[in-house]
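Right, one structure below, let's go through it.
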């Protein structure tokens, strides 16, 4: 195998500093509006803006205009029926998970979907109950209205039984969740979900799956447990397990699990996924009714459900106050999960979703649903996968699914009366497979990024031991700490001293002999890492400039007292810079620090003549960073080391001006638009080979000839290092390096 030859070409242009570049090329400035102009524009309405606002607030207008009835309608109907059957079963099961009667899961499968149909931007997600949110709601419900004992003292509970109290708590909390989401959407803070990394969400949902599994054991085993999770109580009462419930649950779990595995293997050959949950539920209902499980084996069944819908209710203010802290993580998690799933399918089907509009859609959906006694809604991964894979193209499929839930609520609910609750618990557990399998990513995280592994493990353990709300907060705190760690400590392992010769990177010793150090800074410079910046730079150049300055000042005083400096250096015109940290003023003296000094004077020798700071990766500096940078630059300038700062962003330059960075010692002329320009400037200042602003073509051609004979120029390596702005400048840069 032989590498294909690469084309070489030259770019000849003047050498630029930031100042000369600004003089040569006119800067294009953005027309910034004043506050009054922004206010006037906000309140100024016209037909175009009204149309845009309408399309934004009602996305249904956009996709209904392009709805293809012949191509999409049949697929949406088939998908809606399939999804609706699953949504009914999951609604019943997840309502139990929320510690509510099963019929309220049907409300959650209907009301939130109706409003999302008009307001949502995703065409594929199935809106309804989500097990993690159901569990978080249950934590509040069982705390305020425990299984045994008195409920908390709230005036709104007067005259209500335990079931009504729990429904009031769940609906009031859900209304508050919707208010949080609506408020964030109106304030355009949909970006908040970006702070929840995939690793954090994975650890959190895995912990939630563990909680859900434990919470469903009481139904699977047929035990009466009074506490929320009741792990210890389950172990104490394990001898009272109802064998009929246990056998039924194991059969349901085994058959559904096996079917799902087979379905995943042959899903491409099935035109429509078979709703195995519905089939098993129908079979379980028939067997339970025929064998009279409730009386013969003392199992707990769903029982008679309320037919129809109840009148809307207002949320209880006292409940909202008591659940304010717990409702916020529910709002964040519900939106994060729904947005993540919606984003996957929007990319797959090539359309866009709006995070802020999604917040508004879920906020209104939860508020509307809470008025009709539903609990917190988001999306379930399994339902969404069924809706998309069975041919659903738009939210018409979601509307059909909601109609299926309405049909069961209004007419067919009585058929589910003999259904054992252990069957619903088994359906919940079998749907946890995806979340529980997330434990398998731990070896991959160990190999790829150990800090992400720490975030996952801490979030998971904290959510299991402390609860989902506190666990999410702990995980978010650890995630932010890892960002600080990466910025302040971990990133410093990549701070590097660079030099490019004709044969690639040179060692640090070779750099010192050449007298030039190119120091690449891979992160912002701010209060937390400015000291690390100074330490790494001192390590790169091989000395501490402040210590050298102090030793030079001490040597000056010693030589002056001995009256020997004038005779040894007569005629030298080299200014000595005073130590800016010394209290007493120092007078400039004429000393050649690279020459022969008296034997009783010891001063570190500084062979460095040029220091290039690569700012291509510096995105911002704060006040502490600017102050530290100025001190560093001044220290090297006073050592008579030329400092060059390259590839600095224009916004950073403007901030340096505002913060009085430039003075008599530090001028704007040390800033260069590229490493190439700075290298040529070093060449001219040290050799004087070229007039300013030009490159000699004959030497470029000689360099090309030599490169063609000796070696193939590895352009990729230079561009990967980020040290040259364009490939066309490589040859000129090589010429400059070879002459140093």
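These residue numbers are counts, starting from 1, taken along the chain as shown.
Backbone N, Cα and C define each Cβ position, glycine as well.
Per TrEMBL, domain 'STAS' is recorded for 515-682.
Counting residues 6+ beyond its ends, the transmembrane segment (73-98) has Cβ neighbours under 8 Å at 104-106, 108-109, 126, 128-131, 134-135, 137-138, 141, 170, 212, 215-216, 219, 272-273, 275, 277-278, 281, 302, 375, 380, 382-383, 386-388, 390-394, 396-405, 408, 416, 419, 421, 424-425, 427-428, 431 in the same chain. The transmembrane segment feature in TrEMBL is assigned to 73-98 (among others).
Nonlocal intrachain contacts for the transmembrane segment (104-120), taken as residues 6+ away from its ends with a CB within less than 8 angstroms of a stretch CB, comprise 57-60, 84, 87-88, 90-96, 98, 127-129, 167, 170, 305, 309, 357-358, 360-362, 364-366, 368-369, 372-377, 395, 398-399, 401-402, 405-406, 408-409, 413. If you look up TrEMBL, you'll see 104-120 (among others) marked as transmembrane segment.
Among the features that TrEMBL reports, transmembrane segment is placed at 166-183 (among others).
Summarising the annotation, TrEMBL assigns transmembrane segment to 195-213 (among others).
Summarising the annotation, TrEMBL assigns transmembrane segment to 243-260 (among others).
Per TrEMBL, the feature transmembrane segment maps to 272-291 (among others).
Sequence annotations record features per position, and here TrEMBL assigns transmembrane segment to 396-417 (among others).
Annotation comment: TrEMBL describes 423-446 (among others) as transmembrane segment.
According to TrEMBL, the transmembrane segment annotation covers 453-478 (among others).
Distant neighbours of the transmembrane segment (272-291): 78, 82, 85-86, 88-90, 248, 252, 255-256, 259-260, 263, 299, 301, 386, 389-391, 415-416, 418-420, 423, 427; these residues of the same chain sit at least 6 beyond its ends, with a Cβ under 8 Å from one of its Cβ atoms. In terms of C-beta pairs under 8 Å, the stretch of 166-183, 195-213, 396-417, 423-446 lying closest in packing to the transmembrane segment (453-478) is 195-213. Regional average pLDDT for the domain 'STAS' (515-682) in the model is 79.
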